[in-house]
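Enquirer: Heads up, here are the entries from Swiss-Prot:
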type	residues	note
ACT_SITE	133	active site, proton donor
ACT_SITE	147	active site, proton acceptor
BINDING	7, 33, 39, 55, 83, 147, 151, 180, 182	NADP(+) binding site
CARBOHYD	131	N-linked glycosylation site
SIGNAL	1-20	signal peptide
């Protein structure tokens with residue numbers, strides 16, 4: 001019987017879609033989920049990859065997906081990859097709390113909901129859960145407070161699941177992903193940032209907008225290369241953390257060996273904080 005894998009967030013041009021193709025090439029039966037099947041791209045034409053609609057912020061949608069997968073596989077799942085997530089770049093003083101909660105629903109609580117729904121299948125298969133987090137969760141970036149804090153929380157959730165699922169025979173691995181060039185961070189696919197007229201940061205809107213769009217960067221890792229590295233690391237049983245993508249290892253080194261204030265200063269040099277009176281930490 002074929003090994004099985006379910007991957008969330010498999011829209012065309014993203015990490016999930018790239019991983020789906022690699023697992024398929026390695027002989028897995030692949031369940032690739034997307035919010036909207038219209039965005040599935042070339043995955044839709046590959047035999048052996050089943051496209052499923054899934055809204056990871058909906059418990060009911062997750063339940064229906066789990067029931068369908070259980071029927072297809074006889075109640076087992078070898079690998080669950082929680083890859084779906086959303087970005088958010090906005091000053092915290094201007095952030096909509098409703099929108100911020102949606103980011104946490106997608107990047108944090110969806111991991112818990114997926115774990116709850118698919119745990120019986122993973123336990124039965126003595127399988128693996130792979131949770132995709134981000135290097136942003138290890139850094140304090142201006143304008144990324146909502147996103148980076150959600151990634152920090154997601155990493156802690158993943159690590160707690162590792163402890164709690166280990167006695168049940170399920171391996172949990174956290175991927176700390178650095179810069180990867182995907183369709184999702186192509187500037188042409190990202191709307192311009194709009195700050196309220198009352199924002200304290202109006203005069204640096206253009207700078208924050210550049211951070212929002214992340215821009216195409218020559219040093220970002222190709223999505224297909226990153227996907228293959230992550231899949232191979234996971235299948236080779238390489239540790240409880242996987243670091244791939246631009247600056248993922250560098251982040252760990254800087255966090256470990258640089259003074260906190262220096263590290264924070266270095267990564268915020270291009271944030272235009274000095275244009276609004278920023279002079280570093282006050283303590």
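Just so it is clear, glycine is given a Cβ too, placed from its N, Cα and C backbone atoms.
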Enquirer: Express the distance between the Cα positions of residue 131 (N-linked glycosylation site) and residue 39 (NADP(+) binding site) as a whole number of Å.
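Expert: Distance (Cα to Cα, whole Å): 22 Å.
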Enquirer: Same chain only, sequence gap of 6 or more: which residues have a CB within under 8 Å of the CB of residue 147 (active site, proton acceptor)?
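Expert: Listed in sequence order: 87, 88, 89, 103, 107, 136.
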Enquirer: Quick one: of 39, 151, which of the binding-site residues has the smallest count of other CB atoms within 10 A?
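Expert: Least crowded of the binding-site residues 39, 151, by Cβ count within 10 Å, is 39.
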Enquirer: Neighbour count, 10 Å Cβ-Cβ cut-off, for residue 83 (NADP(+) binding site): what number do you get?
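Expert: If we count other Cβ atoms within 10 Å of residue 83 (NADP(+) binding site), we arrive at 25.
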Enquirer: Residue 151 (NADP(+) binding site) to the residue listed as 'active site, proton donor': how many Å between their Cα atoms?
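Expert: With distance taken Cα to Cα, the residue listed as 'active site, proton donor' is 6 Å from residue 151 (NADP(+) binding site).
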Enquirer: Can you grab the distance from residue 83 (NADP(+) binding site) over to the residue listed as 'active site, proton donor'? Cα atoms, rounded to a whole Å.
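Expert: Given the Cα positions, residue 83 (NADP(+) binding site) is 8 Å from the residue listed as 'active site, proton donor'.
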Enquirer: So, three-state DSSP: helix, strand or coil for residue 83 (NADP(+) binding site)?
Expert: coil
